[in-house]
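Record features (Swiss-Prot):
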- HIS94, HIS96, HIS119: Zn(2+) binding site (BINDING)
- THR198, THR199: substrate binding site (BINDING)
- 3-259: domain 'Alpha-carbonic anhydrase' (DOMAIN)
- ALA2: N-acetylalanine (MOD_RES)
- SER29: phosphoserine (MOD_RES)
- SER43: phosphoserine (MOD_RES)
- SER50: phosphoserine (MOD_RES)
- SER55: phosphoserine (MOD_RES)
- THR73: phosphothreonine (MOD_RES)
- TYR127: phosphotyrosine (MOD_RES)
- THR129: phosphothreonine (MOD_RES)
- CYS182: S-glutathionyl cysteine (MOD_RES)
- CYS187: S-glutathionyl cysteine (MOD_RES)
- THR216: phosphothreonine (MOD_RES)
- SER219: phosphoserine (MOD_RES)
- 64-67: region 'Involved in proton transfer' (REGION)
Amino acid sequence: MAKEWGYADHNGPDHWHEFYPIAKGDNQSPIELHTKDINHDPSLKAWTASYDPGSAKTILNNGRTCRVVFDDTYDRSMLRGGPLTAPYRLRQFHLHWGSSDDHGSEHTVDGVKYAAELHLVHWNPKYNTYGGALKQPDGIAVVGVFLKIGREKGEFQLFLDALDKIKTKGKEAPFTNFDPSCLFPTCRDYWTYRGSFTTPPCEECIVWLLLKEPITVSSDQVAKLRSLFSSAENEPPVPLVRNWRPPQPLKGRVVRASFK
């Protein structure tokens with residue numbers, strides 16, 4: 001079944017193209033960042049996020065990640081600037097992580113794998129609907145934040161505490177009054193390139209903003225992500241401990257840096 005993709009050997013990233021041919025396309029994500037090959041582009045502006053904490057609605061476990069969903073029916077929580085030519089609406093954020101602290105991020109920087117990677121997914125309302133934006137090369141903007149291991153991050157704990165309500169696949173719970181900009185690093189420097197979703201159908205519609213500076217969370221906090229299950233409540237328990245796609249070929253794309 002096409003919709004039964006996952007991260008196991010039989011349905012994992014190596015098989016996605018069998019059902020979703022674009023997964024072998026020319027603009028796939030994630031990628032390896034080699035900083036010596038990336039040039040500073042002085043035309044790249046600063047970016048800003050103005051998020052309404054009341055637009056957060058629910059948190060859910062879809063068996064592949066945990067996701068927080070936002071009200072995107074109007075311009076409530078917006079991303080502006082950077083490489084973007086228009087304001088984009090926040091729709092959801094989710095994370096990718098690994099089975100241990102030494103890996104889990106999808107993008108890598110000079111060979112460094114971080115413990116996890118946060119993706120904030122926004123869409124361009126000039127295309128009227130999210131579905132319409134998925135069909136456009138600049139329809140979606142994703143801010144990627146790396147998580148490294150160190151001291152605990154209190155703001156991240158607010159989110160983690162809600163995971164107890166969505167332990168198993170298919171669970172959903174109210175989750176509001178949360179401003180995800182509290183999960184951004186102090187430094188707003190970023191790399192940008194044209195890419196895709198890192199999960200099927202792997203549509204090539206994304207302007208990526210990858211933040212150079214990781215945020216620091218504790219080992220226990222990342223372990224909390226691994227306490228989720230990819231199985232439903234009535235099924236034999238399968239821990240959700242590996243949900244990252246490996247880097248894809250750059251195929252001539254240019255990565256630009258907002259900083260020197």
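Heads up, residue numbers simply count up from 1 along the chain you see.
Even glycines carry a Cβ here, placed using N, Cα and C.
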Worksheet, complete the sentence: modified residues considered: SER43, SER50, SER55, THR129; fewest surrounding Cβ atoms within 10 Å belongs to SER43
Worksheet item: Which has the fewest other CB atoms in a 10 Å radius around its CB: HIS94, HIS96, TYR127, THR199, SER219, the listed recorded positions?
Response: SER219
Worksheet item: Considering only the recorded positions SER50, CYS187, THR199, THR216, SER219, which residue has the minimal Cα-Cα separation from HIS96 (Zn(2+) binding site)?
Response: THR199
Fill in: Surrounding CB atoms that lie within 10 Å of the CB of THR73 (phosphothreonine), all protein chains
9
Response to the item:
Same-chain residues at least 6 positions away from CYS182 (S-glutathionyl cysteine) with a Cβ under 8 Å from its Cβ, in sequence order, are GLU155, LEU158
Fill in: Separation of alpha carbons, HIS94 (Zn(2+) binding site) and THR73 (phosphothreonine) (Å)
19
Discussion item. Quick check: of the binding-site residues listed here (HIS94, HIS119, THR198, THR199), which one has the Cα closest to that of SER43 (phosphoserine)?
Written reply: HIS119
Practice prompt. Determine which residues of the same chain, besides HIS94, HIS96, HIS119, have their CB within 8 A of the center of the CB atoms at the recorded Zn(2+) site, and list them by sequence.
Written response: THR65, ARG67, PHE93, LEU95, GLU106, GLU117, LEU118, THR198
